[in-house]
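Here the structure is laid out as structure tokens; the discussion comes afterwards.
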Amino acid sequence: MAQSADEVEVHTRSAEATPETHAGRVLEPSPQTETREELASSLARPPLPKLQIAILLLVNLAEPITAYVIYPFVNQLVRQTGVTGGDESKTGYFAGLIDSIFYAVECTTILQWGRASDRFGRKPIILVGLFGLSLSILSFGVSLQFWQLVLSRCAEGALNGNVGVVKCAMAECTQGDPANMAQAFALLPMVWTLGVTIGPIAAGVLSLPAERWPTTIGRSKFFQHYPYFLPCLFASVVSAIAFVVTLVLLKETSPRKALSHKAVSKNVEKAEAGENVIVAPRSNAPSPNLQNATEADDSPDLRDLLIRPILIPIANYAFLAFTDMCLSVLQPLMFSTSISSGGLSLSTFEIGIIIGVWGIITGAFQAVCFPILLRRVGPRTLYTASYVCFFVAFAMFPLMSFLAKRAGRMDAATWAVLVMQFVMYGAAYCTYGCIFIYITNGAPNKEALGATNGLAQMTASFIRAISPSTATSLFAASAQNNIAGGTIVYWIMCFVVVLGTLCALQLPRQFQRV
């Protein structure tokens, strides 16, 4: 007898809803049991090359140490150069210029470094970047004139091409698997915050050795003449160590260079075994086994990258870079400013320790919690919620200023608000792991990874070039003209966060395999 459509639908639903049975017993589905698709995906997942990722993380560690080691003392150093003419309110303008000039120069070179890594390989470009970081920060440490400080930062920006290249190498190490990428890219914010921790602590401890250790190394005329050389030397040594480790241990991850190296190694092994190795005459046509890899020689045109899967993540990266950079610049500036001028009157040592402790806690949180949060709430929700934390962090500035002025010092209430600000700042760092994977996922193909990350870093560098001077200039203008009680800069930044949150809603809900 023929069954009606409704009866068939009922039987079908019943069959789907019937629990699985075994030996007459009903087996209820367990929430801990993986589906066949999840199990197959986990079995097919390539293993993580832990040593290579560790080396790339060491390379990535060098940049935040070099960048942030100057933050606790740069305002004092600018004042000591005499460029402010003794006017403390002008410090923000010139300190912001030193921050901005690095990213302005980097903006003009970073895309070309990314395209060069597509052509010549990731490893050579990373080595050049580390070499540039090591030399330029040493130059900064022996600079006593403002123009010398600017020149050192220009050299650092021009030679530092490994920001986007490291992310390309990381994606290639994980072979584009979303789960592995989440694990690996979760470590990037952790390492960044570790660098943000180490740099300021080194600056706080090693600055002004003549005052800190007057009976030992402080007796040296060199350290009396160059009071901030020691922290810069420390940052230079970190980059030098990363250079040596990369040179000796890092394997090339670029598809073309890796295949080419394997082909040469195979011929060498044959020659050592006594086999004949035939060297074909040079031809314009690539060999079949290198056909796909040699496509990396033809770097994609810029217009090939102007597509929605790339532009939306880059736009969000621009908002993130602006808000993060402004916050990281405003914190030491506001903390070091006198209470009467709207600050907290904290010393260089106190600022370094505060930022350092925050970095340790934030790094541990990112390493442990980011992959879990990403898996449970999804990338767009996690990114948006984390980005909103910047709003709360900026809103804490005027509250701290009000409490400090009322008490005339850093009382318990002011310290409590400061701690809450750093909690929000730490939570906001989940945005970086998400946006790095979004950018990598947006690349049209593997051969365009370097150019895609280069375009993203070029955009971020441009934003970071204008954000310090923008924030510090607004801070100085607010203080000089007493606009909104000297707090207008913080409310402007809150408005920027609102715009960035609207942009975050344009991101896709999930990642795709690269």
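Quick reminder: no glycine exception, Cβ is built from N, Cα and C everywhere.
What TrEMBL lists as domain 'Major facilitator superfamily (MFS) profile' is 52-512. The region 'Disordered' annotation in TrEMBL covers 1-41. Marked as transmembrane segment by TrEMBL: 53-73, 125-147, 184-208, 228-250, 310-330, 351-373, 385-403, 415-439, 488-507.
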Original post:
Hey, which of 184-208, 351-373, 385-403 has the most Cβ-Cβ pairs under 8 Å against the transmembrane segment (228-250)?
Top reply: 184-208
Original post:
Along the domain 'Major facilitator superfamily (MFS) profile' (52-512), what average pLDDT does this model show?
Top reply: 82
Original post:
Which sequence positions outside the transmembrane segment (415-439), separated from its termini by at least 6 residues, show Cβ-Cβ distances below 8 Å to it?
Top reply: 167, 178, 181-182, 185-186, 188-189, 192-193, 310, 312-314, 316-317, 320, 324, 327, 344, 354, 358, 361-362, 365-366, 369-370, 373-374, 379-380, 382-383, 386-387, 389-390, 392-393, 396-397, 399-400, 403, 452-453, 456, 507-508, 511
Subject >> Selected stretch (most C-beta pairs under 8 A with the transmembrane segment (351-373)) from 53-73, 310-330, 385-403 >> reply: 53-73
